[in-house]
């Protein structure tokens, strides 16, 4: 047998580009991590072997192209090729290509159709439909759990007997139709034969009409013989029917007993499953109780974590705000530093300019000492002359300077105030947004809270009602249990009572409107104190059966005889001799009439009570009863409450313990009602317990309500604080800043106006001073060549003053900037300290949150574990409930079967009673006929016996049963000679014909002279009718023969198809059933292991299931479901290998068949596969267990690589270079795998 050499895949599923997988050895294992694409090798082999797309884990064929599952296929086509090499060395190539949403098939290099492709695969032993070389993942487990019918379908696929199913069903239907047609034509032929017989009789009557005169002498004999003949024939028929009916009744009773046994077994199973369900429910309740404790802890931990997270978010927000303010502060500091730098540069530039100007002016004007003295003298004159004006001018200048400084200060205040106002407005907007969010959150919380409170109220009300109802139910149950315990009645009936109850039920079903029941069940005393007295007086009638009529009572007695049941007393309403009631007895004091202390719901039964009780009286004490019974002028029947009875005859009968036990039967009905009430209350209590479990939901809702209330309270407090405190403060500050801005604006305006007015005054004083100076310095100015003295002073003296002034302003401005810079830096330092403090708080908060989250996760883990356990128990509970429901359904089905069979028994018993009545009536008719012969001296010939043996008394249906039985037994010994009876009279078929002839003979006997005149004229056309009927009979016979021939041909055709299907199936089944035991022994490495297949239908095994059972080594026989997972897997593998041996493929591919095997079974299975791969066929196995694939001849490793999507790579390793020396030594206890520790990388010298 050849072998698979290589597998070539191109852009198939996880294989990108063209990949070469192989070469494959006799025993090759494919290994790799999960998700690497190992199963895609299996899919590639399935694909190239013609498998349908639906079995390849995709919806359409284009999804098999690499990258298609991500929406980015790398190509529009993909292909898979296998290279198969025959033993002769011939190489065969099979290729399947995906192109344009369709498959193309190539054998060798030529495209072929699918049918040719499949045929070429079958030539090398691969059957596509049977999948005889592929075992997919999970198939082994599914094979071990197959139902017998599914296993049969599996065998039909392997044996190809399923190909005959259509033809088999068609031939079978055709055969059934042909047989129905043949039966129909047979019935037609039978009816025509009856017509022909009837026509013959009419012809015989016509012929006998001529001889009627001769037969008048023997008319009485003929009449008697005729009656006796058909009476005896009817008796024989009835006896035969009675025997047959008794046989049928026995069979049906056996069936009833069988179904009743099944019903009892099912009820026993139902009780066991119910106890298991109760235990599981108890366990579920325990888990739910623990869950109810842990869930609030988790909710509390979650709320605590949420609260700390909110505080952390608030701290982070404060850090963000502080960081923004720090950023603004830093920008301000940088601006101040830049301003200081600019100020220093400006000062240095100014000093440089001043030095240059001084040098220039020194060159322009140079005064002599005399001129300088004269200048000082003139200057002193001017000072004295304008001293007052100078003082006023200086005063104005100082005031103006002060006002300018105030104006500059107010402008700086204006800028700072505007900045603060802008910041206040931003904070107001932020708080408004925060208010909106809080109001929205508050509204959501209130809506949620209202909803939860409604749910809480509803649940509280429901639970309170449930608890109240549970209390009431428990009280009622307690009372009922006490009553049942106080009753102390042994209610378990014996077999005798059960049999009597069953007989009564049968009678009620036979006569539903006529059998009322036992007297005990139809009435009861008006008070418990009368129970003993009523029981004593009723006596044997207490369990008597009340029926409607005497006839029904006799039918019931016959039924009891037929059933060999115990004798029963019957009270027929139309047969009772009822004595009138003595109304005067009601007037006697100290007693009551017995009929007055008994009540019934059925008015027609009062006659029965009157018959049983008569004029009996009931008294309180024994003395009163004795006095009333014997103390008066006439004796009366009286009974005391303790059961002591005084009869008219003087007999006194006392009460007894047996009487008390009998009297307890009156309580049976009440106890039955109490048990029904108890069952209803127990069921209601179970439902209430289910409702009470909602307390868990109530606690959860209460916890949620509490958490929501807390969050709502925090939100409302924060909202109120923002509205009433923060926002009001900001608005107040905004108002203050706005009013302050207005004040500053008005101050600036006023200061500007004052400065302008002062400037005007300064200019006026300066003009006056200038005029004085001009007058005094006029000559001096002309001498030095200047226009006026101010020009000289501006160039020399004034310049120095201006320089001093400038220096003073520079120093003031620099001082101000330094102060402002230091203040800003202090503020920045404070904010940074705040940020550090907040960061420390956040860090600590994060640590707290981590701890809280850890606590929360622990709580959540516990809750989730409990919930998982709860769900698992619920699943078990659901499974048990489902099993109970199934058992309950089966019990109901068996109950229906029992009732159906019981109805059938009742029906058959009724028919038996009817037949017995008819038989007794016929025996009575025979006796009266023989008696008539004896009395009227009708000489009938007797073969055995004599008419003298007939007792000369006429029997009726009311005679004693024993007497009639003796008479009938004597008459049965008399044998009558019916040879004188005409043959035509013996040949009558229907009862109607018998009655007609009987009437005819009676008329003939009654009127001998007028017989010819009164007899109906015969059918004169009987001969023609007979000819017509004979032609019709011949035609129906021909049609019947044709239909019977057609049915025979259909039977032959059906048997041929049946034989072909049976042969195909049996050939496969016999081969597998023989080889599976040897394979299982080899797999288990033990000859004591057994595996066997057995068909449920040996004649046609493909119509029913096939059972598969294995006996593991060292274990007793048990069903397949009770085997362990590893044993099931080995059994399934044995079946797979046995099936494969029937239609062996050149190679066998299995996907993770070792998944359910333990180490021991892995060693056995791998050793067996090793042997088979060397001797029989090539094995390719996908495996994840090193203990398994270490036995292989070669390994193919599959590993994934991820780029845009995952794609697979392949490595190969030849293990034949590493012999398994441990196997040769036979060491099995501590075996290590022989896989060498080599690097499985593309650069490895062993890799391909």
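The first residue you see is number 1, and the count goes up from there.
Glycine is no exception: its Cβ is also placed from the backbone N, Cα and C atoms.
Listed in Swiss-Prot for this protein:
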- 32, 33, 34, 35, 36, 37, 38, 39: ATP binding site (BINDING)
- 163-502: coiled coil (COILED)
- 514-629: domain 'SMC hinge' (DOMAIN)
- 666-912: coiled coil (COILED)
- 1219-1248: region 'Disordered' (REGION)
- 1219-1228: compositional bias 'Basic and acidic residues' (COMPBIAS)
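Under 8 Å, Cβ to Cβ, and six or more positions away along its own chain, residue 32 (ATP binding site) finds 38, 1197, 1198, 1199.
The record gives 32, 33, 34, 35, 36, 37, 38, 39 for ATP. Within 8 Å of the mean position of their Cβ atoms, the other Cβ atoms in that chain belong to 1198, 1199, 1200, 1208.
Long-range Cβ contacts of residue 37 (ATP binding site) within its own chain (separation 6+, distance under 8 Å): 13, 14, 15, 1198, 1200, 1206, 1207, 1208. The secondary structure of residue 34 (ATP binding site), as reduced to three states from DSSP, is coil rather than helix or strand. Ranking the binding-site residues 33, 36 by other CB atoms within 10 A of the CB puts 33 at the bottom.
If you draw a 10 Å sphere around the CB of residue 38 (ATP binding site), it holds 25 other CB atoms from the protein chains shown. On its own chain, residue 39 (ATP binding site) has 137, 1151, 1182 as residues at least 6 apart in sequence with a Cβ closer than 8 Å to its own Cβ. Mapped onto three states, the DSSP output places residue 39 (ATP binding site) in helix. Within the domain 'SMC hinge' (514-629), the DSSP-based counts of helix, strand and coil residues read 61 helix, 22 strand, 33 coil. Sequence-distant contacts (6 or more apart, same chain, Cβ under 8 Å) of residue 35 (ATP binding site) comprise 1200, 1206.
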